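**Q** Dropping a structure here in structure tokens format, bear with me for questions.
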């Protein structure tokens, strides 16, 4: 049981008169390590993680230390255990400061030689309630005691010898420049990683065997009441995790051997060719993805558990890509932003970004497939194996090739069955002056004829491939030419449009000038008419005088 102190949180000044106690959520700095109630009973005396030989426990709310107040329950009968629990309840062993209760025990089934380590965590958050986290782990801690122990020792010993021999063959005191050049190759990095994980697996295997043996002997000597298995589970988990990594890398290395054949190398070649484009796409995808994740956290985090923090929000969006989502929760949270967020994310990420990713892979795959189609098939490990099998199955049988008394017709049938065209076969025999159907052919001449037929066939195949490439290139040039003509036509249309606009602008400008000139003439006429009228008026005035 773990507790926190009364002063682990601060009460607002306005409520200090009414609220006298404050217990925060669990943190190591707030842990209460003072003995409570009856100090003579172990359940009320704080024990450190070193004394209990326990490790930290990870829960839903927090990570709890290995120390605390411990009540050991007897295993002989349920009556004593129930009495101890009733005493703890009467003395209020669990109070407002309690933040976690851990029930820890281990079981052993002799029928199947397996240990079951159980850790039940009950978290009591400051807001109230109980959150349970069960952890049940099953291990075979006495591996070498079973009937298959001898085989395990032999296989693990062989694997250890192989790892150390490989390590000694690679460690020849190279210079730093040689090491850097060596590490620039992908498969060399795979070898180094595999070697490192293999050595780590061997070390952890010895450590976990020693730890499990010591713990089992301790349980036999001291009984099951005090049997902490945290060190055993930690060593076992570390061993299994590292071994899983080593096995995964070993399977990855299989591609190095099966990729010799061009069909098998398409995957690695496609990924290599598209690596740069995928890197650029990953940056763009991360920008969009974390923008949506942060929006979901800020907009829905207070009401939906899947978006309660940025970490959960990111995984909720990943599940949404796979079709695992709760649209009703988004809609109930916000009638507008919920559906808008869902539709926008599905449109941009599922429809646009994922299709862009598939397009990048598809383009690289098409290019790789086109390159491999122009190359001659290499003999991969599968081809080599199949050839060896065919060679073994044909031993002791009569060969298919004609014997010493083979005639023109026999060799013609043999070449025809090999897939060569009849026209090429006849031309080759004519070139070597072999025209009689029953004429016997020396072995050397037969080899020359076969080489000639193969050469002509290969030449025709190359011609057809070159002609096909030329036709494809010619078709692409025609397409480019049509595109250029289309662009030129569009440019001409734009030029005509610009000329029309310019003419209209000039006409409008000329029209404006004419209007200005007309207005000026009208103004001058009016001025002259006004001056004439004034003159007439002045003359009339003078006459009257």
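Positions of Cβ are set from backbone N, Cα and C atoms, glycine also.
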**Q** Would you please say which range out of 186-206, 207-227, 375-395, 396-416 has the annotation transmembrane segment in TrEMBL?
**A** 186-206
**Q** Using TrEMBL as the reference, determine which range in 154-179, 336-361, 440-465 is annotated transmembrane segment.
**A** 336-361
**Q** For the feature transmembrane segment as recorded in TrEMBL, pick the matching range from 278-298, 467-487, 488-508.
**A** 278-298
**Q** For each of the disulfide-bonded residues (9, 22), count the other CB atoms lying within 10 A of its CB, then report the residue with the highest count.
**A** 22
**Q** Would you mind listing the long-range same-chain contacts of the transmembrane segment (278-298), meaning Cβ under 8 Å and 6+ residues beyond its ends?
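**A** Those are 307-310, 313-314, 316-317, 341, 344-345, 348-349, 353, 356-357, 360-361, in sequence order.
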**Q** State the residues, same chain only, that lie 6 or more residues beyond the ends of the transmembrane segment (310-330) and have a CB under 8 A from a CB inside it; answer 'none' if no residue qualifies.
**A** 289-290, 292-294, 296-297, 300-301, 304, 338-339, 341-342, 345-346, 349-350, 354
**Q** Going by DSSP, give the three-state secondary structure for residue 9 (disulfide bond).
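**A** Where residue 9 (disulfide bond) sits, the three-state DSSP reduction gives coil.
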**Q** Between 0 and 100, where does the mean pLDDT of the domain 'Polycystin' (1-141) sit?
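**A** Reported value for the domain 'Polycystin' (1-141) is a mean pLDDT of 86.
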